[in-house]
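Chemist: From Swiss-Prot, for reference:
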- 22-33: compositional bias 'Low complexity' (COMPBIAS)
- 899-914: compositional bias 'Low complexity' (COMPBIAS)
- 933-950: compositional bias 'Low complexity' (COMPBIAS)
- 983-999: compositional bias 'Low complexity' (COMPBIAS)
- 87-223: domain 'BAH' (DOMAIN)
- 224-327: domain 'ELM2' (DOMAIN)
- 1-43: region 'Disordered' (REGION)
- 388-434: region 'Disordered' (REGION)
- 488-636: region 'Disordered' (REGION)
- 693-717: region 'Disordered' (REGION)
- 790-814: region 'Disordered' (REGION)
- 899-950: region 'Disordered' (REGION)
- 982-1040: region 'Disordered' (REGION)
- 439-485: zinc finger (ZN_FING)
């Protein structure tokens, strides 16, 4: 039964209506909304007011757009919105919302529309989550559940990608973010998703069946159903046919009680504990380990002892032998930690944490990882591990440098092979031409606009598909060849005007953009021939330079000319995208084109630098040759030399000597260095300057025109391996290794150099090898000596660590003597009976049981006399202590009575003081009431007088009218009587009003007086309750003290048992060694004075008499006489 059973009913609820948020468009007061009436058009002017609204779109030339908002007249709520493109958005519609330009659309359901404070229309939405928005943990749980139910095989990848997750998250966005409507269908089960729509088509249809709670990050079903059926029932195992009695007993019996007598069992456990305590006492280990192992002497030892006794067949001798052997193994454990090891372990824990493998490898190699782990649980309870840490230093938050802009890490690495273009409008594309851009997904060159999405530049169709569905669309007829504009040209070896030396001291040469396209950073494909490996779009050629792998700089060549010159004519239109990219051969063309615009008289100068190196650290880079291209004037070179021109003169600068060989002239410009003085060869640059001049024209012209048309190498061009020596130096020979049919190309590709036999370089190499051999031989000798020394040290340590037979015998003798002494002490103290001692004595201790028995009997007879004297002394001491206890109790009772009397007197004083304060307070209240009454009477009298005066001064309007008539004419008797009657009525009314006012004042005063009396009564009740509680507490304390005193008296009155007296005497003797020595001396003197008798009974009697006298004297010295003690009165 699932957890949704209690929430289910007989009728399923339409969860689609529940999950989609409800809004105020529902009908009110039972009247249906006009939107639901089919007889009238939707949003008719009969029920709705149409209001225009204006908003702006980003990235458009016509930013201001005009839309329409529909307001319902009955409740003045916004029910719909029509955008500038004619899309009508209603409540509960599912829409696409653009939150970010580079991310997919957010799918949400419309809850309502409203105006902001600035009269901008915004839409309230309830968001759906995609699978990429759900946490990985929740998504994995869902996938695991579906895999168990075998749901995934029923769906295709497109269907799973269209799945959404409903939520209750409310968001608000402006209407300018709406990007169209979609359909979100609810399905009860994911297996029914196919019935909703065909998700392989771009029909803007999605489905959902689960609800996502953002607070708990959990996915739950939106459709509650009772899970009944075979799929949801547990598989019950078959009923067991055998009974419990048939099953074999798997418990192991460790001990069977009542197998031996209880006394023997207790003695056996005492002996085992004594053996282990003695064994651990002589061990040298850390306190933490000793404390941990001493726990095994307590209850754990008892368990181990009885288990071993059961395994030995309840033979006490065999069990003790096994336990003793285990104790010896326990003390000789090799994993004990020394103080230095403990310090290293604590240092490793603080620095490396609980990485016990590293601690074992770096700090404690002689301790295994298991030993370190077990020691850690002991170490962490020590004070060193539990001491508080130092307070961390506070860091000023203002000093921390924070990034000015947060960088969001992409979910997947973005390919660096594609170009990054800014957002562009349709007009920008037209200006750039059709070859300016291409889609990174479908390789299309035509699009309405270009925008970034998922880190790629996409066309309109690919971008909208990605924004809607969160994935790139499938391309049926995708071109197999990547467009040229999607590649970024790599820098080639020929791009730099000079090659870096091994030391890296050459400055980076000036680079110019390529003439194939206007964007120098764009990539173009290139195919490599003549034996060079083919490189794909994602591969980049690398080379090894100075021992490290670096990116090989490469740039294209045009017409066999190194692109070292800026483009002269920038107004030429680029090649169309339909033109195939030029085919390059080994980074160079044929060396000459059909239209050669290079005039005669150009000068080309190259410097060749030969750097011999004899460092011990780098053997592979001996005698490197690098060629430095001159960067004074950018000169085009065809295959290393101009084919049409002749080499007139080559200047070779080498070792300061001037030679002339085959047109090569040397001049002394480079200093020499002595090899014998420094044992090294200086870097001697050999500068080869090739100057090519034309006799007809000596002027140079660097204005070149780069043509877009590049011809590939001729298929007839061939090359072969050669061995001709081009020229020689003092220490090297330059050999042309590649002979091309089209002529020489470049010295870096066609020439190699070899070390000349008998030269300085060869000698230095041989000397270097000899030095290496000598160094290696010396190092081997030193290593062998170190190994021999280490082996000798190990042998010495092993010899020192192994004890000699004399030492072993001496240690065993000491251990036997100590153990025998302990057993003798135990026998003398009377802890072990003679029969048990004879049975339990281990065979390795050579002690005569008869002698031990005699000693025990004599000690027992002597102890009887000592016990009698001690009992008499203890009786006297008990009486004195009883008197002292009674006196102390009497004094304590008197002191307690005195304290109680003082407390009662203080309480009486406090009660009298409170009574006086209450009487004074009541008197002040009565005085205050009397004053109030007097003031009230005075005020009433004054008020009456004022009323009378006012009545006398103010006449009734009727009387005023009557007096005016009487002034005009003579007054009659009736008028006078009437006037008098009116005056009497007025006076009577005033008297009644004064009486009513007086009654009200009296009633108010009476209520105030009653309230004060009630407050005083409550105060008296609280005081009485406090006094009663204090009395109860005092009585309880007195009763407790009396009970405690009685218990103490009863405890002191109890007499000491003989065993307690015996133990007390032994304690006194052990605490006072001087008394023990005196007792032994007295016994020796008594034995010397007594006559020699052969009867052992007489010897025992004499010994007992002397021992009793000595014990009496000793007790007198230990306890002073009663007369000497101070008497308490």
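Cβ atoms are placed via backbone N, Cα and C, with glycine included.
What you see is a predicted model, and the numbers here were worked out from it, not measured in a lab.
I'm curious about the neighbourhood of these features; can you describe it?
Modeler: Among residues of the same chain six or more beyond the compositional bias 'Low complexity' (899-914), those with a C-beta under 8 A of the stretch's C-beta atoms are 1023, 1027, 1030, 1034, 1038.
Helix first, then strand, then coil: DSSP counts for the compositional bias 'Low complexity' (933-950) stand at 18 helix, 0 strand, 0 coil.
The compositional bias 'Low complexity' (983-999): residue composition by secondary structure is 17 helix, 0 strand, 0 coil, according to DSSP.
Taking DSSP states H, G and I as helix and E and B as strand, the domain 'BAH' (87-223) has 33 helix, 56 strand, 48 coil.
For the domain 'ELM2' (224-327), the model's pLDDT averages out at 78.
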Chemist: Taking a Cβ cut-off under 8 Å, which residues six or more beyond the ends of the compositional bias 'Low complexity' (933-950) line up next to it in the same chain?
Modeler: 990, 993-994, 997-998, 1001, 1005
Chemist: Quick one: DSSP breakdown of the compositional bias 'Low complexity' (899-914) into helix, strand and coil?
Modeler: 16 helix, 0 strand, 0 coil
Chemist: Please spell out the DSSP helix, strand and coil residue counts for the region 'Disordered' (790-814).
Modeler: 22 helix, 0 strand, 3 coil
Chemist: Pull the DSSP breakdown for the zinc finger (439-485) and write it out as helix, strand, coil residue counts.
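Modeler: Across the zinc finger (439-485), DSSP assigns the residues as follows: 12 helix, 7 strand, 28 coil.
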Chemist: What is the number of residues in the region 'Disordered' (982-1040) that are helix, strand and coil, as DSSP sees it?
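Modeler: Taking the region 'Disordered' (982-1040) as a whole: 59 helix, 0 strand, 0 coil.
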